[in-house]
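Structure record follows, encoded as structure tokens.
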Amino acid sequence: MRTARTTVCAAAALGLVALTGCGAADMTKQASPYAAAQGTKTVTLSLQSWVGAQANVAVAKYLLEHELGYRVDTVQVDEVPAWDALSQGRVDAILEDWGHPEQEKRYVTDKKTIARGGNLGVTGHIGWFVPTYFAEAHPDVTDWKNLDKYAGRLRTAESGGKGQLLDGSPSYVTNDKALVENLDLDYKVVFAGSEAAQITQIKQFAKEKKPFLTYWYKPQWLFEKVPMTEVKLPPYKEGCDADPKKVACAYPHTPLQKYLNADFAEKGGKAAAFLKNFRWTTEAQNDVALMIAEQKLSPEAAAEKWVRANESTWRAWLPS
Amino acid sequence: MTATVTTAPVRPRLPAALTFWPLAAAVVLVPLGVLFAGGGSWPASLSVDLSGPLGSASDWIIDHRDSHPLFLYFFGHISNAVVLSVRAVYLLLLAVGWAGVTAAAGLIAWRVAGVRVALGATAAFAVCGLLGMWVPTMQTLALMVVAVAASVALGGLLGLAAGLSDRTYRALRPVLDTMQVLPAFAYLLPVVLVFGIGVPAAVLATVVYAAPPMARLTALGLRAADPGVLEAAASLGATGRQRLLTARLPLARKELLLGVNQSIMMALSMAVIASVIGAGGLGDRVYQALASVDVGAALAAGIPIVLLAVVLDRTATGARSGGGGRAAARRGWTGAAAVLVLVALAGRFADRLTWPESWHVDIAEPVNRAVDWMTAHLYSGVPVIGGTADWAAGFTGWVLDPVRDGLQALPWWAVLLLVGALALLVGTWRTALTAVAAMGAIGVLGVWDASLDTLSQVLAAVAVTLVLGFGIAVAAARSARCERCLRPVLDVFQTMPQFVYLIPVVALFGVGRAPAVAAAVVYALPAVVRITTQGLRGVDPVALEAARSLGATGWQQLRQVQLPLARPALLLAVNQAVVLVLAVVIIGGLVGGGALGYDVVFGLAQGDLATGLVAGAAIVCLGLMLDRVTQPVRKEA
């Protein structure tokens, strides 16, 4: 059986080489080997690691499959490699992008292999947060000028003699190292290395009602579980984050964007039209994200639940 | 990826005075040097910044991969061939249906390795279905079949070349060493740049990782062939080719099968890592579960990987020891094939090709509750011994910090001197030179401080692993029952994807270097326990009996007879602990270990070729240095 299998694939590989040996092979026209049989219309969505993005994908997937008759594949990949995959046509759409100017210039402006897909309708914001129980006991901690006063209480084994500013996944947009330096704070940025590690650590701190200072972002389901209050940094002004080394201001409020593969945007038919129309709110995304992350529903089940309850919203997204 | 192939021969002991002069020299020279030459980290003028050239290389690939002939006519075809083969296997598996695949697993295991393994294999596949993981398991299996076939073919060819020619062997060895120590995360990015995310990149990354053991073992088997037999074959007038086919290869059968076995295990251990670049299947489920911090769901996808690994390992081990008559074997295979066709057809006609959904068992919730309970009760405030968080803080403050700061405070040339002296103590001039050169390369790459940080974590993890491992091994060597109980536990820890225990480790030890060390210990412990137990067991019973009759107590027997006699095994255990701990430095980066592990993850996540590759290369250099410092070789005359 095993040898038969090996023979089959060896024969298949040989046959392929014989068939296409003299032609060019375009890797951008390649489908996933796990895709459905020929004839079904398939859309591939990029699935990012955070739950909010999973919520977008779950709802889009549910509607594409149940209302428009597509088959949807998802590929989980980090943000920057996802841009790469989008330009190569390995994925058809990214539904939530937090701003990657460098990639945008390269692929959208210069190479024109990626097309803008419009607003997601959700506004993202990155910031520094302390747990609300701590902010209520010490109201002045929510101004960055007073952070040094609390550095001693925020010390951990990892931060040496300084206070700890907990950062997360290396794939996320962050200026924290520069911020700490330029604002001359008595803090050390400790990278958790992955969002899973960061969330686990935040939950452990919260269980014990310990104070902590963390890089975090909205919308995020964890706020429902661990209420957090933002620390005010020097206000954001257009262009104040242009030089990553000299940043000394807060993070902007970013309207999150959708991006489609240029080919797909043109020839993707109803699926492309639907994904361009897909636009919901922060609250809606949070509802679905909470069902996935806290109630531990499968993304499909969560999407189904939301779709059942919000027909008027998504009817408008369907192309006529 | 555990069983080591070559046991290092041990150098006869030298007189103490002669052994320790290099160390003594270092101890004298270091303070003198600090006085006269000054100290500090690696000087910037001696390092090379690779970010420019690597960055432009990556830009060139991105700009040309849709048009350049190299991509259209070479990489494109490779990529298509991989997709087509994986698809062929996947469709075949789906067409055979769950009943067919389960029966096939059982029957193959039965023919190859006997009834017990067959029952295990059948049960394993049934569990994959019960956990609701049937389709992902088939996706992973399809990918594995293609990746292992390619690894065995490629590794076999390289091994053949190296086995037959000394020059090739010498040229290939450092390449194989590098391929194995280079963390998979570091070469995911170049592979992705060329092939894009998806199955082709995943298969190729897996092949790079899984082919070296096959090549190594093939070469070893061919080179170890009994010269007498070869001479006899030659004297009978056999041509070179005949000698290879009828004498050398059959003689190397054991090594070849072990090579296949190792390739399978290595490939499976890549299943989850490859999911980061879109391999799909079980790894993807584990990775997704991680995003919603769902240990239970991660475990449900991790268990099938463990089961696949254990079943394949036992089957391959059975194949190595198996024998039996040819005619009977053929009858058995025919019977097995007939049963298989029947089952597959039955499944087809009953229209039950996919695992029925009503048969799913949900383990995620109870597991999550158990993990919550555990972390809630152990994290802190345990009376007397303190909670795990306090241990972690203590360990960081009292062990990790001093070691790291100590290493970083040493002047760079003193570190080189120390490494050279240590390598000279256990090895030869040549190994000492390699070790020093490796350490120097780290400095030139410009990641000196981060590397010393990683080194301090590795040293601490190795120390903890050895203390725990030797303790457990002594217990296991004393009692057969204890060993039997340990075996499945060790199997699980060895094959469980590290992504699964990432969250519990953080929940227990917090974010930082302590959980990174804990994850490394969990990963390296099984191999150390195994090798040490085997070594202690292998001690000549006559020697033990003699000690006993002289009235030695249990402790005296252990200390004065077993441990000295098992010295080679213990040294091998140390070496393996170092290599394995280094292999999970990247996982440490995912839980806050920082340093090189974080840099590699960062490189992949940000598409930053320079950061990722340089950190990966530094890990290889650390591995090379540590290997040379811990692996004793005989002095050449």
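Cβ atoms are placed via backbone N, Cα and C, with glycine included.
The transmembrane segment annotation in TrEMBL covers B:20-42 (among others).
Residues or ranges marked as transmembrane segment by TrEMBL: B:88-110 (among others).
The transmembrane segment annotation in TrEMBL covers B:117-135 (among others). Long-range Cβ contacts of the transmembrane segment (B:117-135) within its own chain (Cβ-Cβ under 8 Å, at least 6 residues beyond either end) map to 98, 101-103, 105-110, 282, 285, 300-301, 303-304, 307-308, 310-311, 314-315, 318, 354-355, 357, 359-363.
What TrEMBL records for B:137-316 (among others) is domain 'ABC transmembrane type-1'.
Using a Cβ-Cβ cut-off under 8 Å and counting only residues 6 or more beyond its ends in the same chain, the transmembrane segment (B:141-164) has close neighbours at 82, 85-87, 89-90, 93, 172-173, 176, 199, 202-203, 206-207, 210-223, 244, 248, 252, 256, 259-260, 263-264, 266-268, 270-271, 274, 279-281, 308. TrEMBL lists B:141-164 (among others) with the feature transmembrane segment.
Feature annotation from TrEMBL assigns transmembrane segment to B:185-211 (among others).
For the transmembrane segment (B:256-277), same-chain residues at least 6 beyond its ends with a Cβ under 8 Å from one of its own Cβ atoms are 1-3, 5, 140, 143-144, 147-148, 151-152, 155-156, 159, 184-185, 188, 191-192, 197-198, 201-202, 205-206, 209-211, 213-218, 221, 249, 283-284, 286-287, 302, 305, 308-309, 312-313, 316-317, 319-320, 495, 497-499, 604. What TrEMBL lists as transmembrane segment is B:256-277 (among others).
Look at TrEMBL and you will find B:289-312 (among others) tagged as transmembrane segment.
As annotated by TrEMBL, transmembrane segment applies to B:333-350 (among others). A Cβ distance under 8 Å defines the sequence-distant neighbours of the transmembrane segment (B:333-350), meaning residues of its chain 6+ beyond its ends; these are 95-100, 103-104, 107-108, 110-111.
The transmembrane segment annotation in TrEMBL covers B:433-452 (among others).
Per TrEMBL, the feature domain 'ABC transmembrane type-1' maps to B:451-630 (among others).
Here TrEMBL flags B:458-477 (among others) as transmembrane segment.
Residues 1-2, 4, 7-8, 10, 181, 183-185, 447, 450-451, 453-454, 457-458, 461-462, 465-466, 469-470, 498-499, 502, 505-506, 511-513, 515-517, 519-521, 523-524, 527-528, 531-532, 534-536, 538, 563, 615, 618-619, 622-623, 626-627, 630-632 of the same chain lie 6+ residues outside the transmembrane segment (B:569-597) yet bring a C-beta within less than 8 angstroms of a C-beta in it. For B:569-597 (among others), the entry in TrEMBL reads transmembrane segment.
The transmembrane segment annotation in TrEMBL covers B:609-626 (among others).
Only residues 6 or more beyond the boundaries of the transmembrane segment (B:609-626), in the same chain, are considered here, and those with a CB under 8 A from a CB of the stretch are 50-51, 54-55, 57-58, 177-178, 181-183, 185-187, 189-190, 193, 419, 423, 434-435, 438-439, 441-442, 445-447, 450-451, 454-455, 458, 578-579, 582, 585, 596-597, 599-600, 602-603. Sequence-remote contacts of a segment are chain residues at least 6 beyond its ends whose Cβ falls under 8 Å from one of its Cβ atoms, and for the transmembrane segment (B:88-110) they are 117-122, 124-126, 129, 134, 138-139, 141-142, 145-146, 311, 314-315, 318, 336-337, 339-340, 343-344, 346-348, 352-355.
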